[in-house]
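Engineer: Take this structure, written in structure tokens, and hold onto it; I'll ask about it next.
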Amino acid sequence: MKGRDYCVVPTADPPGSASASPLSPSSPAALPKKKMPQRKWEVHPGRNKFHCNGRIMMARQTGIFYFTVALIVVTCGLFFGFDCPYLAVNLTPAIPVIGIVLFVFTMSTLLRTSFSDPGVIPRATPDEAADIERQIEVPNGQPSPSYRPPPRQKEVVVNGQTIKLKYCFTCKIFRPPRASHCSICDNCVERFDHHCPWVGNCVGKRNYRYFYMFILSLALLCVFLFACVITHIIMRSQKANFLKAMQQSPASVLEAVVCFFSVWSILGLAGFHTYLTTSNQTTNEDIKGSWSSKRGRDNYNPYSQGGIVKNCFAVLCGPTTPSLLDRRGVVEPDPTPQQYTMQMNGTGVRLGNYGAIPTQTTTVQPPAQPQQDLDDNHQQPASKTTESPETAKSNNTTDSGYSGYQGNTATTPNETASTPGALPPINGSESVASIVSSPAVLPTLAPPPAGANPPVTPVQSTSPPPRSVSEGDALGDDYNKGMSNFGSI
């Protein structure tokens, strides 16, 4: 309307609008990226590999594990592709069902053994390790003939049998009974049995039952495949000769060869672990002969339940203990992080956050300013005086950037002696050029010997270059002298 003034008030664009500036504080690009918390499996000190955000734990050497998986899958694939159709039609349709059940059970136990925590014992914290080392080390650092340091092992009694707990120098702990340190994975494992490269993991307290079921089911699968393949070839050979039956089904020949060379070792391994399960022993204890009667009549297995069935139930049907590793837990930062800060001229410069380094502040004092500055912009105002022609000539020569020999410069009675490095005071009858050329500022050189040319000391100056002198200039003689001196530099 007439008589009224209107103004346009600028409004901020919403964060999601297309016209929002990418550098505005409300834009997503300007917001700081939130740092993801670090998980404990990322800083695990052992030689292990983790997948699926720490849910899968394996050893680093997994090449033989992949070979095991490929061998089982390829062999069973050939069986289901070439043998099962013929046997299901001519013999019984239950063969494919039995094969599928054995294959699925074998692969599930294999993956469960390979991807699980075998029972790794966490390493000691720095405080716990320091406390143990303090108990073991010699007091005051000086051993005496009568002092005997505590041994690197402890003794406990389990069901009347004395068990020695050995000290692990890597994990800084006293290993519990039946535990051992795996040199491949670099971890102490509870109820350590052995490290199996075929499954790509250690076999311990938490995955032994799955390993035993994998060996047992693999032995059954191998025997089942070998029996079915031989049956298939024999049934084909009844209609024709044996060589022609092998030519009609070459995949059956390959399966028979693989199963024949594998079944003996797998059956032997399954029988050995069946013996260990019924006696409640581990491979490590059996190889070392820990509970062998050769060590004495009083030496027996304190972990045996007193019978084959009870031992099998204790090993295979007992409760699964939870993992001692909080693999997916968040690493807690130092609760009291300390910083090292240096202050210079009132400005703090952060050099880093070193955690254990105590807070230290270093103040650097600026250098002391001289009492008098020679810069033309900071010189004190001097009283106007009339200069003589001789003084003007010397000033013009000095301001031109060329100074001659200063050895014969005399000190006037008005000049006062000053200490080396200090600037003389500026009087009203002196100029900046005369002070610069004074002996207090430039070092006085010794007079040259007779007949020698006087040395020339160049002085850097910020004054403009020398002006040109014509033939009729009154200062021509002084200029020629100055140029002769400059030419000798």
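FYI, residue positions are counted from 1 along the chain as it appears here.
Glycine too: its Cβ is placed from the backbone N, Cα and C atoms.
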Engineer: Using TrEMBL as the reference, determine which range in 1-38, 153-190, 267-304 is annotated region 'Disordered'.
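Structural biologist: Going through 1-38, 153-190, 267-304 one by one, TrEMBL gives region 'Disordered' for 1-38.
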Engineer: Check for me, if you would, whether the transmembrane segment (254-276) reaches the transmembrane segment (64-82) - at least 3 Cβ pairs under 8 Å, residues 6 or more apart in sequence.
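Structural biologist: By the criterion, they touch.
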Engineer: In the domain 'Palmitoyltransferase DHHC' (163-288), how many residues does DSSP call helix, how many strand, and how many coil?
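Structural biologist: The domain 'Palmitoyltransferase DHHC' (163-288) comes out at 75 helix, 20 strand, 31 coil.
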